[in-house]
């Protein structure tokens, strides 16, 4: 049921060197997800804080007569971060391809810090909104560059778990946000919102200091034609000498793959939608867009307010519980990503989410009502508790499957030439849908003139989207577990349908393709591949092959 390629969660015996440096580096870089998760998660609690509502209100009062921001202002506050992330994600190749994956992440984190400064200093909406945008721009850059860095440094046998750890860090960020919001929401001073916001300085500085110590990715260095530096970087990741035969062979294959791609011309954004790239690009955009349309951010953006409206007495505690489930549920997902594979986990995750969202929609719709002024009336409190239980079950299925695997899939399907652009477009798709949901939700859920007043019925929309996820996985998601990034490229070129990808094995390498091209008279292909092999031989002659 879960695929045919069995990948043990231990370093294969034929793999030389040690994988723990690459695993440790990938796990640390995933820490950037804490910035992503914390920043998106903290706003839900802040919007429900009495002091913040009094301070930032421009005169609007809620149905209970309490000063508050209007639904349109709430929509703008939540969604402007997503707007910033959209533009940040699209801008990521300019940093990632020109300055490098490592320095790109460092600069992106400083942009994020500017946004945090603005939000912390704000006492009125204009500066708070500006801070949200700049923080979002930084998060957008980070969210595209981290999976890129992880994919290019991780060993293939555990790449899924390493890239998926990024989603695990996002869930930890959401949990920390819920904890800090719960700890400060009763304060009647600026500390109620400034403390949760200012804590983000710590997350940012940890990431900056760590990235200053980490190596650049070997694939980026090959892209910049720095073969010797690439050998040093890969040797550091594998804990081998830069002249070890396995290091030289892996570098030669990466170089041959890149040269093969470059024969077809330089990469541009338009090229991501042409030829063989079109299927990969649409797959990446589809999986990232559908990840948002499952409804997860409705729970973490507006969950506190939704639970309050549903008659729950302590919505902050419920938010902490859902965030905790989100963190814990990611762990089995990371374990099984490289054991069961991408396709079965995404498929069964979509089924579980679909059933859960349908039951939440039915329970909420049938057991609640409204008075003439829009006040929510709960007819059956036990049914509402059951609804929250199914929300938690939904979170389990999301966090263990679609949460991490959307980043895994998009991090490994693009060739080196297009990887930065392809990832930036797929990440921007994620944030565009994130923005649309954040902006539209108050208008869809709230009561009053000009609002749809869907309340719990909105879960029918998430149910329909989860149903689409099932079909999408069947027709578009290729099984890529246990393959190198270069072998994934070969998989797409040889297999025309996703459902036929299970059990596929590579039959040639790009170095062999270069040799065939030479015999057929393709001088450029042979010279490029030959240069990689020649450099490998030169490096072999210049030093020992021992472990370091």
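A Cβ is built for glycine as well, from the same backbone N, Cα and C atoms used for every other residue.
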Range among 76-96, 223-243 that TrEMBL annotates as transmembrane segment: 76-96
Which listed span TrEMBL calls transmembrane segment, if the choices are 316-337, 492-513, 514-535: 316-337
From 255-276, 431-452, the residue range that TrEMBL assigns the feature transmembrane segment: 431-452
Sequence-remote partners of the transmembrane segment (161-180) [C-beta within less than 8 Å, at least six residues beyond its ends]: 9, 22-23, 26-27, 29-42, 44-45, 146-147, 150-151, 154, 195-196, 199, 203, 300, 316, 319-320, 322-324, 326-327, 329-331, 333-335, 337-338, 399, 403-408, 411-412
Highest-contact recorded stretch vs the transmembrane segment (282-304), from 103-122, 128-149, 316-337, 346-366, CB pairs under 8 Å: 316-337
Winner by Cβ pairs under 8 Å against the transmembrane segment (192-214), considering only 20-38, 103-122, 316-337, 346-366, 431-452: 103-122
Two-stretch contact, the transmembrane segment (76-96) and the transmembrane segment (103-122), at least three Cβ pairs under 8 Å: yes
Averaged pLDDT score, the domain 'Major facilitator superfamily (MFS) profile' (25-481): 88
Same-chain residues at least 6 beyond the ends of the transmembrane segment (103-122) whose Cβ lies under 8 Å from its Cβ atoms: 29, 32, 35, 39, 84, 88, 92, 95-96, 128, 130-139, 141-142, 145-146, 149, 194, 197-198, 200-201, 204, 207-208, 211-212
Feature contact check the transmembrane segment (20-38) with the transmembrane segment (316-337), CB under 8 Å, 3 or more pairs: no
